[in-house]
Every structure is written in structure tokens, then in C-alpha cells.
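So the structure is just underneath, and the comments pick up after that.
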Amino acid sequence: MATEPPSPLRVEAPGPPEMRTSPAIESTPEGTPQPAGGRLRFLNGCVPLSHQVAGHMYGKDKVGILQHPDGTVLKQLQPPPRGPRELEFYNMVYAADCFDGVLLELRKYLPKYYGIWSPPTAPNDLYLKLEDVTHKFNKPCIMDVKIGQKSYDPFASSEKIQQQVSKYPLMEEIGFLVLGMRVYHVHSDSYETENQHYGRSLTKETIKDGVSRFFHNGYCLRKDAVAASIQKIEKILQWFENQKQLNFYASSLLFVYEGSSQPTTTKLNDRTLAEKFLSKGQLSDTEVLEYNNNFHVLSSTANGKIESSVGKSLSKMYARHRKIYTKKHHSQTSLKVENLEQDNGWKSMSQEHLNGNVLSQLEKVFYHLPTGCQEIAEVEVRMIDFAHVFPSNTIDEGYVYGLKHLISVLRSILDN
């Protein structure tokens, strides 16, 4: 039987000096929580992490996650053996004297680690000081997905195994579990949230729609964010397929993409553009506009050719619902736009036949397009939660299985 690895507490701060925080130089203790700007303040100006979607919540659990005034996040160390094990993992990967190529590569897929932090009033309360992956986003859409066929580690008791299996019996077959999500809806300027009960309700038949919900902003499916997420996951998969040092249990992927946008022109100009191009083509009520950086706005012209340029931000944005995706170089997704001469669905029509509801919807969609769109969406996918990571001499088949199935689900969302 395998023996559990030791978990020494190596207190060090491998991050850059400006991000290292020593308890001795923290500001004056604030004592009990006090309201500040509508948010409760804890521990030297720290506040509960507002955009947390899963895991231990500060104020609800004995341990939780806080936001430090410098923009980092503080994850309170869990009780032994989980907390010391996670601390050991971060110290091992981010050790200054680490020359292991596998671990150096792994750093790319983790939040940056800046050592440990503790408040002067409670020096024994240890927190992992980590990068806030959502920090650069204005309206971050966030999803936490537990990866692997088993959510319990090799040293779990029979009671623990039974408990974990009963929470989500499909874990072994599906290979991942949505623990929570927070999606920004542009039309209402608000967030839709789902917790772990939502993820546990998903079956083999509904998992695709359940995941795609994270990429829908209330107007359209963010296929650009889906495609970017696939690319990120594939890099993590490649790392797992080439390492036999570590096995991960009950670990997650954190997905983040930008949900907000800024208008490239005024509403009036966007409406004018919509009227101009829609007046030359037909868009039925059943057809769906989908949000993708590689799409084009199609319109009928005198010679039947395509592309209507609507500015740099719009010209590569939209197409009809009927699209063809092909896989290139491990799911590099490209779009084949049909020539209108071969597409009888687009028929010339006069302005009076324009559906007012469609035009109104287009105005809103155009207005909420992101500016300065790149070829691929700004997306972060990072590995988190390492309280159950163990040394190994074999490929982590359970994690690999989960990644592959998640990629398959995301591809099916693109191809549908």
C-alpha cells in the first residue's frame, strides 16, 4: 500500500519582491470586521472575494478566500493534511532552485504564487498568497470545473469514497463536474450564477447544454470564448500526457473570459449599419446570430458575392446560423463562408419586409460587441485546488480522461 508523502511547511515567498508580504510589515490590525463602502473588511484591509463561484466561502466556512488590497487573493490553509499538502505543492513548483522542466512548464497553467501570508493578530492563521486570475477582466465570466474520474484520493477512507461518489455518481463516466459558474449578461448588466447543485444535476444527455450555458451572454453564444478555451485546455492536456510525476485528485480548472464590451460607435450609427445591411438580405426569426471573432456579416450584393464590412470590429463578427467548422491542427477552428450564389436562403427583399424585432435585437447585439477584437477571445484557463496531489510514476489517466471529454463537449458546442 502506498504511503502518504510528508508535508513539511516550508515558509517562503518565491514570487517577485514587490508581491511578497511579510506579516511583520502589515498595517495596523483592524480587529473585528467593519463595514467599508458596502463591503465587510477583514484582516488588515482584506475583503471576502466577491466573484468566488465554488469552494469554501469566507463567512460561511471556517476557511475561505479573501482579496488582499494589493490585488492578490488569499486562500486560507485548510486543516491537515490537506492544507500542508497544498502548501508543499506550491512551494515545490515555485521553488527558486527548481530546475525540473516538468514543474517549470506546469507554472504556466497555475495562478502565480507569492508565498504565504498571515495577519499580525493571528500569525498562526496561514493563507496562500496567489494571483487573482480575474484581475485583468472588467466583467469576468467565471466557471470552476473539477477534473478527473475520481474526486477522492488514494488515501481516502471508505466513508469518504462513498460520500464523494454519492455526490456525483457520473464523475467516473463524465470525467468532470461543474462546481459553479458566474456569467455576465449584457442586456441586464447583471450576473447569472449557478452553484454545485446545478453541476450535479447534469447528465450525459444534458452536459453539453449545461456547459454551453457558461458561454451564453443572454444574446448569443460566445463561440470565440469556447474556441479559446479549447486551445488552453489542449496545452494542459499535452502537459499531462508527457508527465508521470504527479497525480491530481479533486483539482479544478478555473475558466475566465471577458463578458463586458464597449461600443465601437453610437447606438444610432449601429442601428444605421444594421438597417443598411439587413435591407439587402433576409434574416428569419429562427436564425440565430452567434458571436465569433471569425464570423462575417453576410449581405446580398449585385453580383451575389459576400462580405459587407462593418468596421474592423464588426467585419469578422457575425454570420448566419448555418456555418461549417473544420478541425485543423488539433481543433484549430476555421469558418467556411458560403457563397451567396449557392445559398438560396438569402433573398433580396425590401426594407418594409424587415422584422422590427430582429432589427431591435441586432441593434443591441451590435452595440455590445467588444472593441479591438483579436483573432481569438481573451480567456484564462488555470489549474487550481491542490490539496490532493500525490507523487506518481504513471500518467494521470483519470485527469487525462476528464480533459479529453471536456474538450469533446466544447468541440460539440462549436460544431452544433
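The backbone N, Cα and C atoms fix where each Cβ goes, and this holds for glycine too.
Owing to the predicted nature of the structure, the values given are computational and were not obtained by experimental measurement.
The feature region 'Disordered' is assigned by Swiss-Prot to 1-38.
Feature annotation from Swiss-Prot assigns N-acetylalanine to Ala2.
Annotation source Swiss-Prot lists phosphoserine at Ser7, citing a large-scale study or a structure entry.
Taken from Swiss-Prot, the feature ATP binding site covers Lys75, Glu131, Asp132, Val133, Asp144, Asp385, and the record attributes it to experimental evidence. Cβ neighbours within 10 Å of Glu131 (ATP binding site), excluding its own Cβ and spanning all shown chains: 17.
Feature annotation from Swiss-Prot assigns substrate binding site to Arg82, Lys146, Lys160, Ile161, Gln162, Gln163, Gln164, Val165, Ser166, Lys167, Gln196, His388. A 10 Å cutoff on Cβ-Cβ distances gives Gln196 (substrate binding site) a total of 18 other Cβ atoms nearby, all chains included.
Residues or ranges marked as motif 'Nuclear localization signal' by Swiss-Prot on the basis of a curator's inference: 320-330.
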Proximal residue to Ser166 (substrate binding site) among binding-site residues Lys75, Glu131, Asp132, Val133, Asp385 (C-alpha distance): Asp385
Local backbone state of Asp144 (ATP binding site), from DSSP in three classes: strand
Other C-beta atoms that fall within 10 angstroms of the C-beta of Ser166 (substrate binding site): 8
Three-state secondary structure, which DSSP defines for Arg82 (substrate binding site): helix
Residue among the binding-site residues Gln162, Gln164 whose Cβ has the most other Cβ atoms within 10 Å: Gln164
